[in-house]
Amino acid sequence: MGNRRATTGIATIALIGNPNTGKSTLFNRLTGSRQRIGNYPGVTVAKKSGRMVLDGREINVLDLPGSYSLAASSPDERISSDVLSGRGEDVPDLTICVVDSRQLARSLQLACQIADLGVPLIIALNFMDEVVASGQSVNAALLSQRLGVPVIPISARKGQGLDGLYRAIGECLQTPVFLRTPQWPQCVKSATEVLRNQLITNIHLSDAELRRILFDHRSSYLDLVGCPESERKPIVEKGRTPIRDAGFDPYSIEMVVFQKLISELLEGVTRADNHAQIQMTGRIDSILTHRFFGLLIFAGLMFMVFEAIYTLAGPAMDLIDTLFSWLGEVVGNFLAPVPVFQSLVCDGIIAGAGGVVVFLPQIFLLFFFVSLLEDTGYMARAAFLMDKLFGWCGLNGKSFVPLLSSYACAVPGIFATRTIENPRARLVTVLVAPLMSCSARLPVYLLLIGAFIEPVWGVWAASLTLFAIQMLGLFVALPLAWVVNRFIFKTPSQPFIMEMPPYRFPVPKDVLWRMWMGGKEFLQRAGTIIVVISVIIWALLYFPHKQGAHDQSADPVVQAEQIEQSFLGRAGHALQPIFAPAGFDWKITVGVLASFPAREVIVSTLGIIYRLGGDVEDSDGALADALRAERWPDGPHKGQPVFTLPVALAIMVFFAFCMQCSSTLVVIAREVGARYAVLTFVYMTTLAWVAAVAVYQTTSLFL
């Protein structure tokens, strides 16, 4: 093992525990950070770091991904294994194992593995408030005496018991303490010696690390072995021979030893009297996870969420609309003596950013409702429910959390695939995750639905359309995953085991914080990426500049002619034949081209185009009016509307499937390789074009 002491003067402590034991909540309490938390497993998929101050001493705190064991069967578990083994950049001086006090027997198995590595340890008994409320009890003092390390009852969610934890941290950093280690059978000791004599390693491996090689199907410690991989397997199998000769299974003997030890440790420590609560939870779960009714409830909840998003945001949108219109007018009058700067600021920055920011209320509502469902514990039930739906296509419920995260943004969704042990299943999930309708697509949908569906069909039809287009990516992703698994990767179906978290009342400040962070990220994109791209689009539409074309008193015909002859206008005309089968004119084509770095740019692009053309003020409502008023200037459709319902549906379908996010492509390349990033871009863009053409051609026959 690596050096157990940090090389800097700042001490390092690591937080580890099973998924959904409250590690990130405790991390936030200790450091004052606001890392994302959730009432379901798999929220933390990478090492997070922060700082805390204890008695005037600065301490580095690591939040490690949730792990059920140190077997490192998935990328996130390997991060935890490397850090605790001393092979990471930050070598912890002390480890806090966050234990679910409601599930002590299972949670302590990870603590036993950590103890076997010889790591200084503190046990934090989390959820003690819920234990007491449910009629249970845990004798922390007796457990501490038996383990030989501090056992601190806490409630990270409510901030209870933290003073005791602070004292234990200070004492253990001064005098490290180690948890009682298991007594291994003689066959395990013999197997360890055989393996040590056979293996050629680049560094010294401790007995605990050698045991990990013996116990795990594919241990990360094998990467430290000097011989080629083809030679490792027979050596490891030879090392396992003494265990098999003694009548044990090498892969389960560790569990047998730990269960015996934990049974002895917990005798007389716990008392349970929560049968009524368990029965009530079971009754609710029998409905929410039902094969038929569970899916209906899930679909109903999602529809209500999107109905609320569409209907509740109206007043706030109108207010933002008014503010940007007023701002554009004030700034326009101030910069009137300098027409170029006036056009840049009003037509480029304000029209571009304002066209996107107006949808901020819907973004806030989206994150608010998703956070509510997460905190209540429903999303874990949804993952279990989706396991039944995903099974036929070669995925399982473990893919649900990454896909769910992708509805907010595909980047954290792809990071969340690190919890998937099977490399092929993980790769398939990465490939289909960008099909989920992220929050960046929402402004596109809302603009077109508000312009072409709600005025004719009403609010309910608009809400139903929004729900359908949001779910479209999921319903296409599953058959696509089936094709990939059946004919390319041939990934066998994987079993899915998941612990259901308890139902809880959401903590208002946590829900509001996650809502704010989601909206804040959207605002940051609007204030950085969208503004930069909007300025570039303005320049490409402004130049080559025709004298007087953008004067406020200029003829609208002259202004429209200027846009058509601009750099971007010429590009749109050149590529428009490719998108003509989908009903797109050159202006829509320009919007599609400009939005490849970020999807929502099409809204600001159309706003800039029609603003420069003198057809629209700085408001979403005026932009919708301009879209409805747009006519074909020539050709077979001369005088007819450009934006019809079939065209609007084709645009929405195109954006539902197209890969228009540079950040997502970068993350895919980093996580699974550049060739898969290229593959994702090609297949999604092709799928988007084919689907848009099919939708336009089909709906044009009936609408």
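Backbone N, Cα and C define each Cβ position, glycine as well.
Here's what TrEMBL has on this protein:
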type	residues	note
DOMAIN	10-175	domain 'FeoB-type G'
BINDING	17-24, 63-66, 126-129	GTP binding site
BINDING	ASN28, THR31, GLY32	Mg(2+) binding site
TRANSMEM	292-311	transmembrane segment
TRANSMEM	348-369	transmembrane segment
TRANSMEM	427-453	transmembrane segment
TRANSMEM	459-484	transmembrane segment
TRANSMEM	522-543	transmembrane segment
TRANSMEM	643-669	transmembrane segment
TRANSMEM	676-696	transmembrane segment
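A map of TrEMBL features onto the structure.
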| residue | record | CB count, 10 Å |
| --- | --- | --- |
| GLY17 | GTP binding site | 28 |
| PRO19 | GTP binding site | 21 |
| THR21 | GTP binding site | 28 |
| LYS23 | GTP binding site | 29 |
| THR31 | Mg(2+) binding site | 20 |
| GLY32 | Mg(2+) binding site | 11 |
| ASP63 | GTP binding site | 26 |
| PRO65 | GTP binding site | 25 |
| ASN126 | GTP binding site | 27 |
| MET128 | GTP binding site | 23 |
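When each of the listed stretches 348-369, 427-453, 522-543 is scored by C-beta pairs under 8 angstroms to the transmembrane segment (676-696), 427-453 comes out highest. Nearest in space to PRO65 (GTP binding site), taking C-alpha to C-alpha distance over the binding-site residues ASN28, THR31, GLY32, is ASN28. Simply put, out of 292-311, 348-369, 427-453, 459-484, 348-369 has the most Cβ pairs sitting under 8 Å from the transmembrane segment (522-543). Beyond its flanks by at least six residues, the transmembrane segment (459-484) meets 302-303, 306-307, 309-311, 389-390, 392-395, 403, 407, 428-429, 431-432, 435-437, 445-446, 449-450, 453, 652-653, 656-657, 687 of its own chain at Cβ-Cβ distances under 8 Å. Using Cα positions, the member of the binding-site residues ASN28, THR31, GLY32 nearest to MET128 (GTP binding site) is identified as ASN28. Cβ contacts within 10 Å of ASN28 (Mg(2+) binding site), excluding its own Cβ and spanning all protein chains shown: 21. Considering only the binding-site residues ASN28, THR31, GLY32, the residue whose Cα is spatially closest to the Cα of ASN126 (GTP binding site) is ASN28.
Per-residue confidence over the domain 'FeoB-type G' (10-175) averages out at a pLDDT of 85. Nearest to ASN28 (Mg(2+) binding site) in space, judged by Cα atoms and limited to the binding-site residues GLY17, PRO19, ASP63, is ASP63. In this structure, PRO65 (GTP binding site) belongs to neither helix nor strand by DSSP; it is coil.
Taking Cα separation as the measure, THR31 (Mg(2+) binding site) is nearest to ASP63 of the binding-site residues GLY17, PRO19, THR21, ASP63.
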